[in-house]
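A.B. asks: Mind looking over this structure? Questions follow.
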Amino acid sequence: MRDPVDYFHNSLVPMVVEQSSRGERAFDIYSRLLRERIIFLTGPVEDQGASLIVAQLLFLEAENPKKEISFYINSPGGVVTSGLSIYDTMQFIRCPVTTLCVGQAASMGSLLLAAGEAGHRFALPNARIMVHQPSGGFQGQATDILIHAREIEALKKRLNEIYVKHTGRDYETIHQALERDNFMTADAAKEFGLIDDILHKRPEPAAA
């Protein structure tokens with residue numbers, strides 16, 4: 001069965017045609033927006049998509065290490081290590097990264113939303129944000145199962161520490177909040193410290 005996410009990206013992405021002195025050039029819409037320093041996380045967080053986002057972040061830093069990057073997130077979450085590769089790159093590069101939730105930012109999506117530049121983490125009014133502890137499954141010998149259980153516990157502790165860093169909440173508050181699926185409105189996410197503000201309308205550009 002065809003992956004619906006792959007089908008969307010390969011078949012339904014619109015093309016943008018631009019005129020220049022050299023003639024016409026066609027871009028897919030995401031490549032065109034990348035020129036404006038806009039990156040998207042759409043769908044599950046997984047290795048291939050995470051590698052593309054990391055590459056885009058590094059490319060934009062190489063182009064201009066001081067200019068802001070806008071990171072739009074609409075994701076149900078996914079693989080923790082894939083999400084952490086994006087998170088670490090966001091913290092590593094010199095560019096400030098503005099995050100904006102459109103639709104949903106759940107699980108690793110919410111962590112990446114919170115990881116944006118302080119004061120520049122946003123959500124649209126009807127966005128939904130969800131936080132929870134990591135989950136996983138493993139089959140094998142009893143000793144190996146225990147090893148994987150310890151690894152999940154270590155990841156849980158590390159993720160809690162990251163949420164503490166970016167929300168300003170104490171560890172126990174984060175631990176309790178992430179014990180079960182915890183769904184939030186944009187207002188609740190702002191109160192919790194995952195975002196800084198809710199955007200209802202794009203601000204008018206400053207007068208020249």
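Using the three backbone atoms N, Cα and C, a Cβ is placed for every residue, glycine included.
Note that the structure is a prediction, hence the values are computed from the model and not measured.
Pulled these features from Swiss-Prot for this protein:
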ACT_SITE  Ser107  active site, nucleophile
ACT_SITE  His132  active site
A.B. asks: For the residue listed as 'active site, nucleophile', what residues in its own chain, 6 or more apart in sequence, show a Cβ-Cβ distance under 8 Å?
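C.D. replies: Counting only residues 6 or more apart in sequence, the Cβ neighbours of the residue listed as 'active site, nucleophile' under 8 Å are Val45, Pro76, Gly77, Gly78, Met130, Val131, His132.
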A.B. asks: Let me know how many other Cβ atoms fall within 10 Å of the Cβ of the residue listed as 'active site'.
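C.D. replies: The Cβ of the residue listed as 'active site' has 17 Cβ neighbours within 10 Å.
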A.B. asks: According to DSSP, does His132 (active site) sit in a helix, a strand, or coil?
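C.D. replies: Looking at the DSSP assignment, His132 (active site) belongs to neither helix nor strand, so coil.
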